[in-house]
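Quick notes on the structure that follows.
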Amino acid sequence: MKQAILVVSFGTTYHESRMKTIEAIEQSIKEEFTHYEVRRAFTSRIIIGILKKRDNIYIDSVGEALEKLAQEGFQRVVVQPTLVMGGEENDGIVAAVQQYENRFRRILWGKPLLSEEEDYKRLCSVLAEDTKEYDREGTEILLMGHGTEHEANECYPRLAEVFRQNGYNRYHIGTVEAEPTFESLKEEVERTGSSRMVLQPLMIVSGDHAHNDMAGDGEESWKSQLESDGFQVVCRLKGMGELEGVRQMFLDHTEEACKKLEDMG
């Protein structure tokens, strides 16, 4: 029986970051699930369009990828997102999958990175380990999330609370487009009395937001605003997909979905 895992990412136009994150996650899944065909899809039509026009790279949307799998005779499919959380992108993936339910014998979707309480604890540990050289007196670590008006945005304060519960009091979370805002984040770190700020994206890929909104030279970037307030700023342009612990979390979510698929027959 032909079976596939469709790995779905938002996408990025940054080639090097794509290799270190999205492709690294896909490769981990290929190596772990050798009895599945592994395919790729992006959710961002804008990124798909830029890659096609600029680089002659053709990436399928979720619907296009599922249509190809159906036409090629695949019968069982797991759709695994590489998203941080549920939200509009994830809802779109689920909607696309539901449209194709009658085209496959079995199709289901895996969970985003932060889905269960245990996921928050694991991610906290992975990020703390990755940044432990900065976790010292006088330094605060600021993690930049994307942010959304969707109810899934509650994952950010929830993760911040897990950091605090585990004694990581120098870790702070803000978002580009929602709550917690950068303004509230800045007030939070100003109260610490620390002089050094380490910025790192709380995103799978280090893309436009990380390069421009976080670490850019424009006066509105987090880096520029903190520097103008007199802080020493260190920017780490490192997507979470580069971290082995994060890739393992996606592997575990994929394994859970595959096991469920196989149990369904």
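For all residues, glycine too, the Cβ spot is worked out from N, Cα and C.
Positions annotated as active site, proton acceptor by TrEMBL: H146. The Co(2+) binding site annotation in TrEMBL covers H146, E177, H209.
What TrEMBL annotates, mapped onto the structure for a quick look.
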residue : record                       : DSSP (3 states)
H146    : active site, proton acceptor : coil
E177    : Co(2+) binding site          : coil
H209    : Co(2+) binding site          : helix
### Summary
Cβ contacts within 10 Å for E177 (Co(2+) binding site), all chains included, total 13
#### Entry: Close in space, distant in sequence - H209 (Co(2+) binding site), Cβ under 8 Å, 6 or more apart
M144, H146, V176, P201, M203
